[in-house]
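What TrEMBL annotates here:
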DOMAIN    13-141  domain '1-deoxy-D-xylulose 5-phosphate reductoisomerase N-terminal'
BINDING   THR19, GLY20, SER21, ILE22, ASN133, GLU135, GLY222  NADPH binding site
BINDING   LYS134, SER160, GLU161, SER193, HIS216, SER229, ASN234, LYS235, GLU238  1-deoxy-D-xylulose 5-phosphate binding site
DOMAIN    155-246  domain '1-deoxy-D-xylulose 5-phosphate reductoisomerase C-terminal'
BINDING   ASP159, GLU161, GLU238  Mn(2+) binding site
DOMAIN    278-397  domain 'DXP reductoisomerase C-terminal'
Amino acid sequence: MAAEVSVNAMQRVVVLGSTGSIGVSTLDVIARHPDRMSVYALSAHSRMESLAAQAAACGAAVVVVPDDAARARFLAAWGGGATPPEIRVGAQALADTVAEDACDTVMAAIVGAAGLPSALAAARAGKRVLLANKEALVAAGPLFMRAVREGGAELLPIDSEHNAIFQCLPHGARASAPTEPAAGVRRLVLTASGGPFRRADPADLGEVTPEQACAHPNWSMGRKISVDSATMLNKGLEVIEAHWLFAMPPDRIEVVVHPQSVVHSMVEYEDGSVLAQLGQPDMRTPIAYALGFPERIGSGVGLLDLARVGRLDFEAPDFARFPCLRLAFEALRAGQAASVALNASNEVAVQAFLEGRLPYTWIARVIEAALEWQAGRSSVTLADLDGVLALDAEVRAYAGDLGLA
Ligand code: NAD
Ligand code: MG
């Protein structure tokens, strides 16, 4: 049975990764609609002071923290006075909390493959799943989509490109987990801003600092996805995400660079029509779309002043300048094990870059090495979550042998 959120019932939301960029935007939208939605639980991995402030502001009944030290920091930040929420500890508590009856909707906004088990648990429990955590789909697309189907979950994409595509698909084709491309659709066209180094001379990129890589021209996001946007591996992850979400073959997914980030993506139909979704680059729009679906609700995002934007530019992506984009297409075509290797090696490389241990230009080299290593091994089985997590750990160990982990 598909999860249904009645218009009259209060929608109870669990926000995984509430202290992050998507988490904060989600709480902002929820707070605008106290008559129709409330927060049941929040989770965060660090910044317990922020988590305590959030829990106090939204009245969460439960918080999930990674360990006992975080629990102590949460309680210290909470202070005396009001009774604290129930504090649960550990990764299993994330999966258990999203499966509870007290939860209708799960915002999966943990960064990285670390968010996979809890997102999968929400799908299996048949919840409305708002998926921001693209790494979960990249690492475990077939597994995740099967869990959505078998659990009867309602899957709504939060990534702005996929949310745009979802909005542009024919109404009847907005199934949670289609098994074939929507009828009449020729191609999906993902827009990409090109990030902060769209025009940079590749010879200058060796000296790039984390601050420069995280200075995205249009979007304000967490540090990992900001670096992914600079390398355009983010767009590569999104191609793989679109493949699984919309059952679309890789050769019918295009990327076009659009520096203004106003057109969030497009669907091209057999008759030549191209439908696009436009808006300001503010994640509260796709978040509100998914929280309110199928209704439209306020998000706090202002008007799109096209006269002020002035022009919308488009250009083909430069695969030589952005090798990570090419590597992602190759990984998608090579199969799921390659996608796991792509994602895990990128997570390790980006972390090393952010910590000053790896030059920016080596991110692509680490991913390429991991893909070659993976291709040279005998076949691995990825039948279940354990298989995916085991390969993910092996790739991280391989990157560790390169001196990165
Ligand atoms: P962020 O770094 O700002 O926040 C990440 C959140 O996850 C934090 O609350 C953190 O405490 C938690 N977290 C980190 N590691 C964890 C772990 N091991 N276990 C449990 N929780 C952990 O990231 P973000 O920018 O909000 O991105 C979140 C996800 O949404 C990513 O998958 C990203 O690709 C996707 N996304 C983000 C944006 C955006 O605009 N920020 C847009 C599209 C998609
Ligand atoms: Mg995106």
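The backbone N, Cα and C atoms fix where each Cβ goes, and this holds for glycine too.
Nobody curates TrEMBL annotations by hand; they come from automatic prediction.
Overlay of TrEMBL feature records on the structure.
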residue	record	Cβ neighbours (10 Å)
THR19	NADPH binding site	22
GLY20	NADPH binding site	25
ILE22	NADPH binding site	28
ASN133	NADPH binding site	29
GLU135	NADPH binding site	29
ASP159	Mn(2+) binding site	27
HIS216	1-deoxy-D-xylulose 5-phosphate binding site	18
GLY222	NADPH binding site	18
ASN234	1-deoxy-D-xylulose 5-phosphate binding site	25
GLU238	1-deoxy-D-xylulose 5-phosphate binding site	28
* Which of these binding-site residues (THR19, SER21, ILE22, LYS134, GLU161) have a C-beta closer than 6 Å to some atom of ligand 2? -> GLU161
* **Mapped DSSP class for ASN234 (1-deoxy-D-xylulose 5-phosphate binding site), helix or strand or coil** => helix
* Structure fact -> Least Cβ-packed of the binding-site residues SER21, LYS134, GLU161 (other Cβ atoms within 10 Å) is SER21
* Asked: What kind of secondary structure is ILE22 (NADPH binding site) part of, going by DSSP in three states?
  -> helix
* Considering only the binding-site residues SER21, LYS134, GLU161, HIS216, ASN234, GLU238, which possess a Cβ situated under 6 angstroms from at least one atom of ligand 1? -> SER21, LYS134
* Round to a whole number and give the Cα-to-Cα distance in Å for the pair LYS134 (1-deoxy-D-xylulose 5-phosphate binding site) and ASP159 (Mn(2+) binding site). => 8
* Asked: What's the CA-CA gap between GLU135 (NADPH binding site) and GLU161 (1-deoxy-D-xylulose 5-phosphate binding site) in angstrom, rounded?
  -> 15
* Structure fact -> Once DSSP output is merged into helix, strand and coil, GLU135 (NADPH binding site) belongs to helix
